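Below is one structure, written out as structure tokens, with a few remarks after it.
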């Protein structure tokens, strides 16, 4: 930093109390450790470049003062309005004043807290033991090498330049104007918009020059202003000339560009046939020897599906369905190779058939082909979904071999694509490489040639970013080139002293229509023991990589993009003896190795990659192989400093983080086994990602009566800080014209010196007006929040909320975590609604909603889409804390589930219950700091030996007509579980409901929320037909099979099973309400594991959960259990159309003399005779009907009733 006159504001040498870019949270921790009033330090300000923050400890609270430079470079502590600031040339001078008493600070500066100088070790393991010196950077000194004329050449393009505006027009909107002219348009709206923007900027420049002319009267400036005015007039006349040129082109040129959606395609996809069996039920088997073998033939090009059945004497019977007659695909989550297809038979009538495929991979290939067919023949101009290939490879400073086709075709080990779909080209290809000695242009051309060979398409490079030998190249299908805009590139060095580029990261960001993407390729510090350095590398990259919307500078890059992908040689190793590692690899047993993988362990501690996801690893470690073969790991290297050990490790990884309620599915994650030039194997992953189009309102800008509003009732946050300043919230979104601020919080309290609870009531929160009011637009939008302090305007935590589940006439609850600089810093919840006028309610089904996941098809009616659509990443490798446990068997099973993941419908969801300050009392006390409040905190967080306190949670009586059903596992003692493994500290409790389980509670200063009015009423909310989760920031938990081990499986990804003792938190949770209602109606109900929740029948899905969501959750685990119960078990319905009542089912059973099964059927949600016709043998088994004769009687009775209808 440079002050006035070129002198450094730090003086000749930086004083030891100056901590450079130390984070606010780390500064507070250092002061807390110092522990004496008057302890102080100075750090860089997080809110203003070139400014500083003076942090002082007084009475256990940290007070922060901003030190701002003025125009002359002098420094002053920011003062109240009207108070004359004292100015200083350097920081030491300023601090020396405040070392004297009575200078206006809360206390005199007494004890400087000095920075910890870490000696920079001489890292000679630059290339993981291969080279003694760091590789030289490539000859081209540019960090960004253009692969072609269309590629942006600067890593920071001039955002305000006219060339940028015209470039964006030619890249994006030109084709739209041409299409409009061909349709007979007499104007060019997109060019007009571009020119208006250009003229406005020129006008601004002209006014500035005029001011200068008036002041100085300079003749040259006057001439320049005249020229600018002429240029502005010329720009204004361009539109007429361009219109004439486009009209001439559209008339004379027979080969003008076709519409965007019908541009060049790859080679045609041949018809693919799948051998399947029809999944039939006992009640349908009327003929002995009925053939169940079918062939499904998919004709992607022709848009047809042929269902062929073999009958007698080699004859065949077939039905052809066109693409528009296939209404929905429903994946079974329980049976991985089973798929339901809903066909349209006649108008408003459909038929569902369930088929069993040869394998789960075949089912996925079939779904991918049908999705491709739907997309190809869609009448939508813009895609709803794209596929992305991501590859990372440490090339070991050796050029790639001629054939690396297996890399781009995802062939090799791990989760790979089926051969039928492996050659289908992806929309985007992202190649990250490390130790890549090939020059940029040659590298990109080799990638294009490789893709051309495999797909017959000329992929267009949209960005190539390089830092020494770390490269990131992004190529796009030619038909999508015009959909890419706002390309940005950046790099960060993390080598020795953060100045060498042999380690670091490169990043690329862009918009694909209305969806923002970010890609980071990194090479982190090597060496088994350098975990802390790698963690710091990650945090530096997260903070310093300059990508995405510059308005979002308050947010790190993990929150700036709809989808962020992070790939590279992360260099995390395995903490295990080499011989043990080799034995496990030989036996292909990877689970024990993944438990000691340093990246997994650091993620579990929330040290790195907070809330990122990674697909299950089912391939061997990709490093360190003997070059020339993949049979041998080379783990020793003789060096000048001695023998160096490089244990086999998963160094090369691909992770991602997406906004809540978006669609992303990882279809493959593996490594090649035939590319042997490097000591690393190339790694690949493919993703199916939902995208949004640049929305154009068909009704124009909203009138005041048709304006949508985003309204907040209240917001409450817990922030990890020892400060006691006031806070405000800033709201950012692409759907807002500009960011908005709330007023300062009007409530504040703390029961713990290290945490602060702040609240904003309705009057402190501003109502937001979105730019467009259509529900189709709003349900794709997200809102970014940052909680900032009034003293330093620095962020104490940021989060993202999806508007989708907030739309409705009643307020909805949100609850999520706050993070800052990659660290979890708090917890925020509140109540809000997005009010959409009825005139703007029209919506449509997205392509990715067409394929659904049936969480447990036995509990949903056959022939009806009682399914959950995938729209988020449900699986994140759980960063479980002291209580986190995963069932080993569950982990194995989950590998097969990844292809059919259920929807994560949460407001900034974290699919896990992780160890943090809000469920781990140990986190309340900063490490190494004596804390008097610890004794007060701990007893409150200790478990109650009894079950949940019923007095604390007595609900109001259900409204008229509402009933409750038994919630199964909600009451009674916890079930025995399979043996599970603790994956964190040794203090983990192995018992259900043990001491540990209560630690998953929010801190005591989160008071129980008041019961909202009408909590038991179910208000139908059009237009949503998808269920919402009870607890928005938790992913849906996988539904366990009924049985004694259900609890062990239920939380294999979402947390731990808890006993009732964990519920004693003096709050009225949904689970307790359900338990109380259940106990009152079914006092003798034996506890048992619930089956999957049947969806509310006879109503659009999602209505039933609205009532539940009006309860702000208190306990994450509580809500997780609640998700495993039938929705109707939580709340009775006030609408009689939802359920006929027990009497009708009971009468039917009484008539058959089988009334003993009534409770079991009701317990599993079979409470309506109308839908009992869909019940199967498996359903009856789960409901407790084990006698084959009784099963036959029940099914036969239902079949007869169906025939009578």
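Every residue number used here counts from 1 along the chain in the order it is shown.
Glycine too: its Cβ is placed from the backbone N, Cα and C atoms.
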Revision key, fill the gap. Expected hit for region 'Disordered' in TrEMBL across 1077-1118, 1119-1160, 1161-1202 is 1077-1118
Exercise for review: Look up region 'Disordered' in TrEMBL and report which of 879-916, 1031-1068 it refers to.
Suggested key: 879-916
Check your understanding: Among 72-116, 117-161, 162-206, where does TrEMBL put the label region 'Disordered'?
Key -> 117-161
**Study point:** Secondary structure content, the domain 'SAM' (1140-1204) (per DSSP, counts of residues)
**Key:** 47 helix, 0 strand, 18 coil
Revision key, fill the gap. DSSP puts the residues of the domain 'SH2' (17-113) at 19 helix, 29 strand, 49 coil
